[in-house]
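So that you can see what the record holds, here are the features copied from Swiss-Prot:
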BINDING   Gly8, Lys9, Gly10, Gly11, Ile12, Gly13, Lys14, Ser15  ATP binding site
BINDING   Cys95, Cys128  [4Fe-4S] cluster binding site
MOD_RES   Arg98  ADP-ribosylarginine
Amino acid sequence: MKQIALYGKGGIGKSTTSANLSAALVNRGLSVMQIGCDPKRDSTRMLMKGILIPTVLDLIRERGEENLTLDDVVFTGYKGVRCVEAGGPEPGVGCAGRGIIATFQLLERLSAFDEDIIVYDVLGDVVCGGFAMPMRKGYAQEIYLVTSGELMSLYAANNICKAISRISQNVRQVCRLGGVICNSRNLPDEEKLVGAFASEVGSKIIAYIPRSGLVQYAELNNQTVIEFAPDSSLSATYQSLAEEIMTNTDFVIPKPLEIEELEKLARSYLPTIDHQGINH
């Protein structure tokens, strides 16, 4: 069983990337489970025809963990992709990472981990104990960073590199960075900047996903791009990402940058703007 986790800043496109990746993988004849590890609980929505499935944490609160079965928490989506949403606490109460911990404990008790590949879609703004659990407990052995060329997105990706590096010091866990996915925001020299960042931390870009309105059209139809526009160039990009991940053998313990190094790197790839807002 192959277990991978996609980490990145909130709003960067992790869930869109994860759902299209899962769709591409199941189209290859693999059995796939996608686990959304974000309180927004929308990771699997496009695999479920737009349905927001009940979260594990909500079900535990409502019915008690001991009363739940596998069919209560695992839902079947596009072409058989098995979908799970960890969920989070009520606003202003508790720890968001708790949903991930509770979900994994329940899925283990119910013997749910038996797919060819499991895709964890994980919030990466704050890599606290709960959100780091897929790495810390050895569930996800291959980590992929989803980022754009925006500084805050790169900052989150760099923090995840710090978490991987720290967790990898525990010889009992095998947790490695498999590559960087550039989800473009159409910034100047964005692919070069993200490629330079990947190189600096010891890794590489494994996919460049261009910004496209096709994603919005697909999601308005409650579908992934893979399902909505299977012959499009964007669909081919997601299929290529699936191929890269399935054949990847290049895994590293990353070397995170200091914040000053990261900012210097970002500045070197952005156009100079004077006090009047004019590019040079």
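Placed from the backbone N, Cα and C atoms, the Cβ positions cover glycine too.
Projection of Swiss-Prot feature records onto the structure.
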residue : record           : contacts (Cβ under 8 Å, 6+ apart)
Gly8    : ATP binding site : Lys14, Gly124, Leu145, Val146, Thr147, Ser153, Ala156, Ala157, Ile160, Asn183
Lys9    : ATP binding site : Gly124, Asp125, Thr147, Met152, Ser153, Tyr155, Ala156, Ala157
Gly10   : ATP binding site : Asp38, Lys40, Leu123, Gly124, Asp125
Gly11   : ATP binding site : none
Ile12   : ATP binding site : Val146, Thr147, Ser148, Ser153, Ala156, Asn183
Gly13   : ATP binding site : Val146, Asn183, Ile209
Ser15   : ATP binding site : Gly36, Asp38, Lys40, Asp42, Ser43, Arg45, Asp121
So around the ATP site, Gly8, Lys9, Gly10, Gly11, Ile12, Gly13, Lys14, Ser15 aside, which residues have their CB within 8 A of the centroid of those CB atoms? Leu123, Gly124, Val146, Ser153, Asn183
Neighbour count, 10 Å Cβ-Cβ cut-off, for Lys14 (ATP binding site): what number do you get? 28
Would you mind pulling the DSSP three-state label for Ser15 (ATP binding site)? helix
